[in-house]
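Participant: Copying in the features that TrEMBL gives for the protein in this structure:
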| type | residues | note |
| --- | --- | --- |
| BINDING | 22-29, 84-88, 138-141 | GTP binding site |
| DOMAIN | 13-228 | domain 'Tr-type G' |
Amino acid sequence: MPDTNTRENERGLRTPIVAVLGHVDHGKTSLLDKIRGSTVIEGEAGAITQHIGATAIPLDVVSKVAGSLIDPSDFDLPGLLFIDTPGHHSFTTLRSRGGALADIAILVVDVNDGFQPQTLEAINILKQSQTPFVVAANKIDTIPGWKPNEDAPVQQTKEAQSDRVQSALDEQLYEIIGELSDEGFSADMYWRVQDFRGNIGVVPVSAETGEGVPDLLTVLMGLAQRYMKEDMAIDVTGPGAGTVLEVKEEKGFGTTLDVVLYDGTIREDETIVVGGLDDPIVTDVRAILKPRPLAEIRTEDRFEKVDEIAAASGVKIAAPDLDDAMAGAPVRVVRDRDIEEVITEVRAELSEIEVETQEQGVVVKADTLGSLEAIANAMDEAEIPIMRAEVGDVAPRDISVASTASEDTHKTILAFNVDVLADAEKQAEDSDVKLFESGVIYRLIEEYEEYVEELERAQQETVLDNITRPARFQILKDHTFRQNDPAVVGVEILAGTVKKNSNVVKFDGNDPTRVGQLKGIQEQGDDVDEARSGNRVSVAIDGPTVGRQIEEGDELWMELPEKHAKILEQELADDIPVDELEALQMYLDKRRKRDPFWGK
Ligand code: GDP
């Protein structure tokens, strides 16, 4: 059976690895299915080959799909290897030597929906890893009035549409181009792009009808051939290097690794070094497994053993002692090198991914090194400090660590795509550690930020509850109900909130005199604890006598302790109503006429 890898061996050029990213529901899976589906040519030589976790599409097939768009003699790269799992999770998991494993990415954007949170997240990840990408503006068949031409090149099908439909599509495409430009990318329709290094090509496609898929494959192939050929030239006989895509229990094999090999070869019985939870794992390959061709699959026998496999490919490796292996970790074949050197290499690569932690912060758990790093980057951007970041399920130990945080907002664990062990859940409840779980980075961060806001609001409310608030009120004419013990008068509240049990002052010029304490408030005959600006109420003031310390028509104030005035002005100015803020300012002005530093 012809194998793309044999060709790679001969030429020394490996297949470029392609990843698909984009917002949920924008059509990543459908597009991958379409690409794979449209290229399955049963029984024909050079048909696609299924790898573990990836699908190889040889140049012949690309060329067949692309038709007149491509001249296969322009190419010597063997084809394209698509990672089967779309999304930035797998993208960030799959790293190689500090960068992204994928050589090129397709960013899928729904033409009708435009940029969405995960589109932006994907763009950031692509920027950070400096991965070249093309934009697949998907679902063009949903433009109202669209008449599909199955599997046609996009310009051909576009020209066959009515003027109205064409301009509706253009409008959406320019929106996407504009959004790319907002993100700092110069972009254009792919057929107008000359230099794909400096410009992002936008390819209108439909994962449903296959329109534009020939163009997409052509652009990917062209981009790789033109700009990546040097990177694709590998020592095909050298010791293999790859990345763990998944650690998986497999019946009959124990714990196995799904690996994407991006360099060299790997053979049965060879010693490999794999990044592990605590330290690199050194083990011997027991079997190298490929998926059995579709036609030959029997349920109990899904894999086929091979003696050797070359990059680029997706394989399953069975070996002892793999339980602590981590998704996203490097795999290296030792072969004739010094084993210590290889261990050091693996360790160095792992430490590169280590997240910068601080004395104070939250605990982060993630399923893979790459996702851990992606979260750390996103958290850094959101200015959320991290105290500890690790790969693995949430265990009781993590709760203990989180519970030692000195701030309530840090007594939290952000768990990405991992399980929470049962006893950890119980412990979290008992120790007031808040757990956030999600498979989407921006949601985790959003939820955490909302939680912090909520906590802060609650804290401010308690502070506000315990703080005297500014208020100004005036004794109404002919509203003295009782002269003294206590004095009971009708007042109009001019600004702020009058509260029971606060002290009342009266200013003589700028000199405040405490006249007594506000003992009770009645609003339309009912006893209340406080009353807001604009209301007329009667108040009982313990201390003064009407006609002596206070008079009808007098303006009175709630007395503000200096410390409260300071907190109000410096910390809570945004949280109190405007009239209260005005009253505060007037109060401060008066006090500061006498003492410029009052309340500072
Ligand atoms: P993912 O979450 O990005 O992998 O999105 P899916 O591939 O699951 O697609 C989400 C939905 O959009 C599914 O119902 C698809 O059938 C639909 N869809 C995807 N691509 C297209 C397209 O090009 N045209 C139309 N009409 N529907 C599409």
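Residue numbers in this text run from 1 along the chain shown.
Cβ coordinates come from backbone N, Cα and C, glycine included.
Heads up, TrEMBL stuff is auto-annotated, nobody curated it.
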Participant: In sequence order, which residues at least six apart in the same chain have a CB under 8 Å from the CB of K28 (GTP binding site)?
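Facilitator: Looking at Cβ-Cβ distances below 8 Å from K28 (GTP binding site), excluding near sequence neighbours, one finds V20, L21, G22, P86, G87, V108.
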Participant: Which binding-site residues from the set D25, K28, T85, H88, I140 come near ligand 1, judged by a Cβ under 6 Å from any of its atoms?
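Facilitator: Cβ under 6 Å from ligand 1: D25, K28.
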Participant: Inside 10 Å of the Cβ of H88 (GTP binding site), count up the other Cβ atoms and send me the figure.
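Facilitator: Neighbour count, Cβ to Cβ under the 10 Å cut-off: 24.
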Participant: To which of the binding-site residues G22, D25, T85, I140 does the lowest count of other Cβ atoms within 10 Å belong?
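Facilitator: Output over binding-site residues G22, D25, T85, I140: least Cβ neighbours within 10 Å is D25.
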Participant: Three-state secondary structure of H88 (GTP binding site) from DSSP?
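Facilitator: In three-state terms, H88 (GTP binding site) counts as helix.
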Participant: Per DSSP, to which secondary structure element type does K28 (GTP binding site) belong, with helix, strand and coil as the options?
Facilitator: helix
Participant: Check the DSSP secondary structure of G22 (GTP binding site), expressed as helix, strand or coil.
Facilitator: strand
